[in-house]
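Listed features, source TrEMBL:
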type	residues	note
DOMAIN	198-526	domain 'SAM-dependent methyltransferase TRM5/TYW2-type'
BINDING	HIS289, ASP355, GLY356, ASN424	S-adenosyl-L-methionine binding site
REGION	381-400	region 'Disordered'
Amino acid sequence: MLWTPSKFHPSESLSLVPKIYAHMKEAPFAHSTFGRMEAQSRTTPSVDAVKGQQENVEMSFLRPPVVRLGAGAALNRALFSKKVDLAAAAIQSPKVIAHYRKALQTSQEMLKVDRISPIVSHPDKELGAQGRKCILLNPSVKAEEPTTWGPVIQEGIQKEELTVIPYELTLEYDYWTARDTMESVLPPELHDEIPSGFNVAGHVAHLNLRDSYLPYKKVVAEIILDKNPSIKTVINKVDNVGAESEFRTFQYEVLAGEDDLNVSCTENNCSFNFDYSKVYWNSKLEYEHTRIISFFKPGEVVCDVMAGIGPFALPAGKKRVFVWANDKNPESYKCLKANIQKNKVQDFVRPFCEDGLGFIRQATDEILAASLKGEKVVITKPGPRSKSKKTDKPTTPGFVPEPLKPLITETYPLPPTISHFVMNLPASAIEFVGSFKGIYQLQENLFAPTTKTPLPLVHVHCFALKADDERPLIDICERLTKYLGFPMKPGNIDYNLNGEGEVAVHNVRDVAPAKSMYCATFRLPAAVAFAARD
């Protein structure tokens with residue numbers, strides 16, 4: 001199976017609440033005619049069914065006006081204004097508003113629509129200026145048809161506490177959701193795959209529009225900009241990530257808003273500043289970042305071979321995990337260094353700008369050497385607060401100041417071995433695993449059974465076929481076998497080192513109709529780790 005075993009989902013990773021990333025509200029589905037012939041042979045529809053159909057018709061005013069724009073046409077927001085004729089209960093005294101609101105809500109005669117307040121000012125300007133209010137009524141209630149007035153309304157009229165009047169509700173462009181607006185603008189044949197989600201990096205929305213939507217790209221971008229207050233810039237990718245740049249950057253065009261890709265964002269309690277046009281960042285990977293980070297324990301060493309700007313490294317550093325973080329992209333390295341300082345994890349996270357192939361062995365050797373020299377991190381912090389109550393003030397005679405809080409010292413010695421390797425370069429990371437050959441040549445005494453230390457876990461991200469069967473898993477294991485020079489097979493990881501050569505594969509996300517991103521995790525085989533170096 002492709003699914004990661006339970007021990008690969010530590011409990012803390014399940015608490016992630018992704019931000020994210022921006023999702024537009026789905027429009028209601030149109031009523032289906034499926035099963036019409038069968039329905040004719042059945043009994044007459046129930047009263048509730050008929051009532052539901054009537055309500056759907058009555059609430060159709062919530063659909064925006066159809067504003068079909070030609071390809072390349074500008075968005076005219078004024079065309080989305082829509083006037084709806086309703087009835088309203090004009091309340092005579094503010095003292096009874098709450099009573100009638102509750103009563104009309106219970107009787108389902110009050111208008112109940114998202115983002116429309118049922119309490120409005122009286123449409124007569126003079127009465128409205130006096131503070132008179134109205135309660136908007138369900139479209140089934142007609143001001144000119146007393147037969148549509150329910151018992152609550154009739155009782156209110158008899159008591160002279162309310163009257164039923166016509167009310168013209170105006171819905172402007174700002175009312176309609178992004179999905180509603182796009183369906184109004186785009187031709188019907190494009191409604192099935194309307195862009196409903198996108199990557200967000202700070203204030204930038206990053207689209208990857210299909211060819212059929214390109215003639216309407218400006219309108220789509222304007223709508224996204226309008227409907228998402230935190231978005232200031234909308235861009236569209238014009239090539240494939242990695243197709244033109246080994247650093248996974250991409251060519252883009254600004255569709256709406258400012259041409260400013262210097263962004264700030266937060267993830268896993270860390271702040272990141274970067275130029276989105278020069279480094280790789282994907283907000284949809286936040287859960288995967290958190291999942292991997294949750295494996296790390298304080299005091300361990302992690303080698304982040306393709307670290308980017310630090311989505312694994314910085315949160316790990318905050319957990320008191322030592323991280324050797326590397327990225328070949330000079331711009332990513334520059335941002336990584338700055339963000340390490342910004343997040344105050346410089347004691348635990350070290351940045352490098354090397355080729356990943358050589359960095360695997362370089363980091364292994366440097367960490368061992370630094371550990372043998374006794375390198376460590378010592379953190380001093382205030383101890384727990386005193387539980388005694390402060391009753392005296394500095395001006396009180398005989399005042400004795402509260403003693404200073406004791407300091408607590410935590411020491412984290414740098415271990416001689418790496419616990420985890422992270423390789424997040426899906427297009428080619430598997431090709432780097434050959435560099436693990438001989439990383440601990442002649443160092444068998446550092447690991448079990450001589451010590452309690454297991455060989456490192458390797459987390460390799462890769463692309464493979466999107467499928468529910470074992471084909472992706474088999475393909476990934478075959479590729480790992482090829483580059484490791486050791487037979488790898490599907491199976492579960494055992495932290496006690498039983499099951500050498502087994503690979504657990506986690507399905508990270510779909511990236512194309514027939515392509516998914518996976519994370520293959522395996523314990524580095526002893527035959528590979530202790531082999532002679534080439």
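Heads up, the Cβ atoms here are built off N, Cα and C, so glycines get one too.
For ASN424 (S-adenosyl-L-methionine binding site), the same-chain residues that are 6 or more apart in sequence and have a Cβ closer than 8 Å to its Cβ are ASP304, MET306, GLY308, PHE312, HIS461. When the Cα positions of HIS289, ASP355, GLY356, ASN424 are compared pair by pair, the longest gap among these S-adenosyl-L-methionine-binding residues is 22 Å. Using a 10 Å Cβ-Cβ cutoff, ASP355 (S-adenosyl-L-methionine binding site) registers 13 neighbours.
Applying an 8 A CB threshold to same-chain residues 6+ apart, the list for HIS289 (S-adenosyl-L-methionine binding site) reads GLU267, ASN268, PRO311, PHE312, PRO315.
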